[in-house]
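A.B. asks: This is the structure I have questions about; it appears just below.
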Amino acid sequence: MAPTLKKKLSKAQKSTTKKNLKNSKIITPKHDSTSESEQEDVLQKNEHEVVDDDSEFSSDGDDPLVDDFLQGSDDEEEKASGLDSGSGSDSDSDEEDIETKSRAIDEEREREKEDADAEMQLNIKEESDEFRLPTAEELEEEALRPPDITNLKKRIEEIVRVLSNFKTLRQDGSSRKDYIEQLKKDIRSYYGYNEFLIGALEEMFPVVELLQLIEAFEKPRPMCLRTNTLKTRRRDLADVLINRGVNLDPLSKWSKVGLVVYDSQVPIGATPEYMAGFYMLQGASSFLPVMALAPQEKERVVDMAAAPGGKTTYIAALMKNTGIIYANEIKVSRLKSLTANLHRMGVTNTVVCNYDAKELPKVLGQNTVDRILLDAPCSGTGVISKDESVKTSKDLEDIQKCARLQKELILAAIDMVDANSKSGGYIVYSTCSIMVAENEAVIDYALKKRDVKLVPCGLDFGRPGFTKFREQRFHPTLEKTRRFYPHVHNMDGFFVAKLKKMSSSSKPSATSEPLEKEEEGIELVKEEKASNGRKENGKDSPESKSKKEKKKNFAPKQSNDIKENGEESSESKSKKDKKRKFPPKPSNDIKENGKESSESESNKRKKRQLPSKEEISKAREEKRNALRKNKSKGGKQQNSK
């Protein structure tokens, strides 16, 4: 037993002494001046001493303190192990507590965020639901102060929101008209429009879409290029421009030659490729009329308003420089840009002329052209993003003047086109305006005055034209026309219509006759209602009687000329045979009320020979001399008396 006890004793002593040494090493103060090497030497000496002690304890085998020492060492080991395990469990529990606390903190933060968002939404709903129109006093106070832009913008949005759900959100005692009137005023003051233009746009679009359109007018349209296929291909041009630092993409699926430019490190209108005529800076909307025209090779084509030449050069590229193009421009100042672009783009089949487009049928002749493009001069209400002066400069008179000119131009275009052309006989009418008076009303007028019909434009996108607008009713085939808007198609506001000439006669086609009859019936019903109202008040006036008598006299003439099956009677044929030598008179020379139209009145005025200015001045001088003589004679007679 002695040797085993000695071994155990030596192990216990070693462990205890090592622990004591370690504790002594840890307890050493920080300000101890001994170096690390000296401390290591001390430790080694202590270890040697421990070995010597072990040998001494091993020699004393019958020491009575051995058992106590062993028991004490076992207890200390158990306590140390217990302390170690306890410290490990405490650290684990501390980590778990930290995790639970962090989770709780995160949950509290999420709850606070949710509560804050919910409260903010409630506040917004309460504020929006409680929106009220400003009173007259508040409006007067606003007029005295400078405009509050943020308040105006917020009120516009609130009014649009109320009008979108008017039944539930409207204010008690206020009508839809009140909201719309306030919206018009706010838009005028915020965006800078005049009263006429906002009223016209409000009649055409719903309130939500109106605001989207006006916001789109405030942003510029993307810059587009049209590849000149006479000199290059779109892929090659794109590669060259990308190498020059131009960021671009193909325009869209509907165009094979267009490129849209996002940004450029070089001026896009001054590159060597531009100077060489590889591309043309052109808006995306300007592609559409030429695509609708679809000119064929070896045709005779007229561009009635050609400057600055973007559409003309596109037509020449589609025709591959074959056939002939008449590029007309009325303004001499714009002929320079037109001819310069034609030379730069390498166009060789174009004749530039400077005429009033209304006189072109006299110059080129009637029924002599295959296709005509009429990009008519207009009010420019579709390109406000390019010219903001349109917001305030256009009024009803300007629209009416443009519409009158456009009607004259489209009739001249129809007269020039040959209805018997094998490949053509088409007229494309386009404007950069979104006004109904300049678009659908002009096409409807042409359908009534000439034997033409509307055909599809060949464009897969775009909104159909109006067939009904306010009290106006247009031909049902106007659905084939196309409208383009900046907030829908991301291009300038545009209108495109394609007409096919059926014959050379100036009479209205059979398709437009039912519409005229419907309009006559509507007017008759209105007049009957007015006459009934007069009867209730008293007897008919002599004017109403005379109108009725005239209508009775004119009604059978219209019904006898055309039978129910559409064939002409023998009397009408004989009359036409007699009048073949003379040009056909327009069908609307006589109105329904029996009065002569403005055209017949203008002809009569032209027939009257008015005196010249010289004759008028001579007559005035003679009258003055006669008056002077009479006065002088009267004075002499008084003196003699």
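The backbone N, Cα and C atoms fix where each Cβ goes, and this holds for glycine too.
The active site, nucleophile annotation in TrEMBL covers Cys432. Annotation comment: TrEMBL describes Ala305, Ala306, Ala307, Pro308, Gly309, Gly310, Lys311, Glu329, Asp356, Asp375 as S-adenosyl-L-methionine binding site. For 1-22, the entry in TrEMBL reads compositional bias 'Basic residues'. TrEMBL lists 50-66 with the feature compositional bias 'Acidic residues'. Look at TrEMBL and you will find 99-114, 523-546, 560-574, 588-603, 611-625 tagged as compositional bias 'Basic and acidic residues'. The domain 'SAM-dependent MTase RsmB/NOP-type' feature in TrEMBL is assigned to 213-502. Among the features that TrEMBL reports, region 'Disordered' is placed at 1-145, 505-641.
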A.B. asks: Validating a neighbour-count step here. Other CB atoms within 10 A of the CB of Ala305 (S-adenosyl-L-methionine binding site): how many?
C.D. replies: 20
A.B. asks: At the level of the C-alpha atoms, what whole-angstrom distance separates Asp356 (S-adenosyl-L-methionine binding site) and Cys432 (active site, nucleophile)?
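C.D. replies: If we compare the Cα positions of Asp356 (S-adenosyl-L-methionine binding site) and Cys432 (active site, nucleophile), the gap is 20 Å.
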A.B. asks: Check the domain 'SAM-dependent MTase RsmB/NOP-type' (213-502) for me and report the mean pLDDT.
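C.D. replies: Across the residues of the domain 'SAM-dependent MTase RsmB/NOP-type' (213-502) the model's pLDDT averages 95 on the 0 to 100 scale.
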A.B. asks: Between Gly309 (S-adenosyl-L-methionine binding site) and Cys432 (active site, nucleophile), what is the CA-CA distance rounded to a whole number of Å?
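C.D. replies: That comes out at 16 Å between the alpha carbons.
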A.B. asks: What Cα-Cα separation, expressed in whole Å, is found between Lys311 (S-adenosyl-L-methionine binding site) and Cys432 (active site, nucleophile)?
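C.D. replies: Distance between the two Cα atoms comes out at 14 Å.
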A.B. asks: Taking only the residues the record lists as binding S-adenosyl-L-methionine, namely Ala305, Ala306, Ala307, Pro308, Gly309, Gly310, Lys311, Glu329, Asp356, Asp375, what is the largest Cα to Cα distance between any two of them, in Å to the nearest whole number?
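C.D. replies: Looking at Ala305, Ala306, Ala307, Pro308, Gly309, Gly310, Lys311, Glu329, Asp356, Asp375 as a set, their Cα atoms extend up to 20 Å apart.
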A.B. asks: When a 10 Å sphere is centred on the Cβ of Gly309 (S-adenosyl-L-methionine binding site), how many other Cβ atoms does it contain?
C.D. replies: 28
A.B. asks: Inside 10 Å of the Cβ of Asp356 (S-adenosyl-L-methionine binding site), count up the other Cβ atoms and send me the figure.
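C.D. replies: Here the count is 13.
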A.B. asks: Please report the distance from the Cα of Cys432 (active site, nucleophile) to the Cα of Ala305 (S-adenosyl-L-methionine binding site), rounded to the nearest angstrom.
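C.D. replies: Roughly 13 Å, rounded to the nearest whole number.
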A.B. asks: Using DSSP, how many residues in the compositional bias 'Basic and acidic residues' (611-625) fall into helix, strand and coil?
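C.D. replies: Summed by class, the stretch gives 13 helix, 0 strand, 2 coil.
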A.B. asks: Measure the Cβ-based neighbour count of Ala307 (S-adenosyl-L-methionine binding site), defined as the other Cβ atoms within 10 Å of its Cβ.
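C.D. replies: So the number of other Cβ atoms within 10 Å of Ala307 (S-adenosyl-L-methionine binding site) is 22.
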A.B. asks: Let's see if you can do this one: DSSP helix, strand and coil counts over the compositional bias 'Basic and acidic residues' (99-114), in that order.
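C.D. replies: Each residue of the compositional bias 'Basic and acidic residues' (99-114) counted once, the result is 16 helix, 0 strand, 0 coil.
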A.B. asks: Give the number of CB atoms, excluding that of Lys311 (S-adenosyl-L-methionine binding site) itself, located within 10 Å of its CB.
C.D. replies: 26
